[in-house]
Structures are given as C-alpha cells and as structure tokens.
Amino acid sequence: MSALSSENINGVYIPSALLIFGTFIVKKEFVPYAVALTAILAGLKLFTGGSKPRKVLNPTEFQEFVLKEKTDISHNVCIYRFALPRPADILGLPIGQHISLAATIEGQPKEVVRSYTPISSDNEAGYFDLLVKAYPQGNISKYLTTLKIGDTMKVRGPKGAMVYTPNMCRHIGMIAGGTGITPMLQIIKAVIRNRPRNGGNDTTKLDLIFANVNPDDILLKEELDKLAAEDPDFNIYYVLNNPPQGWTGGVGFVTPEMIKEHLPAPASDVKILLCGPPPMISAMKKATESLGYTKARPVSKLEDQVFCF
C-alpha cells in the first residue's frame, strides 16, 4: 500500500493533524506529546497495513516471497513456508484455486512455470504453505529442494476454474492421488471451518477416496483423520497399491466399485472432484462416466459435475 494512498490520507494523516491542532488549541504544552503519540500510532498503522488484512496475490505479475521454513515430511516430500510482506497480510486465494510458481532452471530454454495449491488458507496470516513432492523429472519441485531459508520464489495468482462457495452442492465426492490431496484438503478445511457448529452455514457432505502406493506415501494422514473424527459428514477411504498386513482399506487401483460404494451417486446436486497423476485422472474420468456421472470435459469448468483440477 502506498504511503500516499487515500486510505492513509483519510485514516492516518488527517486524523493526526486534527489531533495535534486540537491539542494546540486546548493546551499548547501538550503538543509534543500529541505529536509523539500520533507518530507512534501512524507508524504502527503504516507498518501493519491497518487492521484489515491485505491480499498480496497479483494475477498478472509475479512477486517474490521469502522462504522462512522447510519441514521434511518424508525423503521426497516437504512443506515450504513462505513469508508474506507483513504479518497481517493474507495470500488472497479463493478456496479451490491455485498459484503459479516460476523459476529459471538450468538447461531449460525459458522460465519454467508450474501450478500448486497451498495447504494453508487465508485464516492464517503472514505466510502460506506448499506441500511439494520432489520428482526426478520435476523442474520446479526439484528447484524447491535447492532453496535455502531466506531465498525467494516467484509466485503469481490466483488462477483456476474452481471457486468453492458454501453449499454450492449437497454432496461432494473426491478422488485424490498422492499430492493431488492438496486442493481437496483446502476445500475440506473450508467446509468444516464453516459448519453450523462453528458459526457458519455449510452443510455439504464430503467423501474422499485417497489413493497411494505405500502407507508412507499417505500425505497429511494425521490431519485428515483428525478432521474426519471431528466431522460426521466427512468420510475417508484409503487405497494402497502395497498395503501392510491387516490393512482394511482398498487395495490396488481405484475401481468403479469403490467409487460406487464410497462416493455419492450421480445427482444434480452432487459434484465429483479429481486430482492426481495424469494416468489416474484418465482412468477416473472413464470410471465416473461408466457409473452415470456426466462425462468430464478436457478442460473443466466450475459448473461441471466431474471437475478435474
């Protein structure tokens, strides 16, 4: 925010001038104290940007954000926390949308850009978190692993066709694979945060099928299980390619039978969300169509019954 913005002129400079002028008229000897007080208050307001959170995302221009924390989740998965310019700032990302990360990668002819969905929300001011799995051929994911605390990352957004609004449908079924859980988690947390018991009005039912290869690949399982335990209208069904002994979830690939058993049946007030590796998404598009859901488009739109991130 500019120091000479109308908000600062009307909210800082004019009130400060009136306070000093009024003090001068009433009691001149108190003027230095009035000046000192207004300087402190004005400085605090200018530094924090006022009490209203400031949205920092720019959809047309990349901005650089400083890496402040790295938390290893596994040998190839990490949560990267980037600081926003001010403690009260928020990213300004609508629920369901994502951001673009850009970097100049050695050996690439031009700047590489990839999309990611933060696992944090605008309820958490001053930073945003990205859960990223590093792939051997992943340009941006590998680049992120080289960042040190204090380094910066170029970010632009928001982008995407999905903008979740409370009660946009009666029942949402989700199928996620690997790091495809990130947009699902964003929506799940938003729905539960806005439940009637929490002072909101969202009564949307949520069912999630979360597929992975090994037990250790189930990202954010503790957080997901906690959310499901707290919310009777949110259910999870885990699927593993290599299940451990005594496993009670699904085994192998997600099948039409699993979808039929664990997700809502096709209806006008039902939406199915898909996010995961391309081969999985291709298979899930065919599976949902075979079960009577509307055929997924190559590029999803908000109104689609089957939406692919």
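Please read every residue number as a count from 1 along the shown chain.
Cβ from N, Cα, C; glycine included.
Swiss-Prot lists 145-160, 171-208 with the feature FAD binding site. What Swiss-Prot lists as domain 'FAD-binding FR-type' is 60-165, and the listing cites sequence analysis. The transmembrane segment annotation in Swiss-Prot covers 30-50 and is backed by sequence analysis.
Features per Swiss-Prot, on structure.
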residue: Thr145; record: FAD binding site; Cβ contacts under 8 Å, 6 or more apart: Cys78, Ala134
residue: Thr152; record: FAD binding site; Cβ contacts under 8 Å, 6 or more apart: Glu64, Phe65, Val66, Leu67
residue: Lys159; record: FAD binding site; Cβ contacts under 8 Å, 6 or more apart: Pro59, Gln97, His98, Ile99, Ser100, Ser115
residue: Ala176; record: FAD binding site; Cβ contacts under 8 Å, 6 or more apart: Met184, Leu208, Ile209, Phe210, Ala211, Leu274, Cys275, Gly276
residue: Pro183; record: FAD binding site; Cβ contacts under 8 Å, 6 or more apart: Gly96, His98, Thr117, Met162, Leu273, Cys275, Phe309
residue: Ala190; record: FAD binding site; Cβ contacts under 8 Å, 6 or more apart: Ile95, Ser121, Tyr164, Asp202
residue: Arg197; record: FAD binding site; Cβ contacts under 8 Å, 6 or more apart: none
residue: Thr204; record: FAD binding site; Cβ contacts under 8 Å, 6 or more apart: Pro166, Asn167, Met168, Cys169, Arg170, His171, Ile172, Val191, Asp233
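Across the domain 'FAD-binding FR-type' (60-165), DSSP classifies residues as 8 helix, 44 strand, 54 coil. Confidence for the domain 'FAD-binding FR-type' (60-165), expressed as mean pLDDT, is 96.
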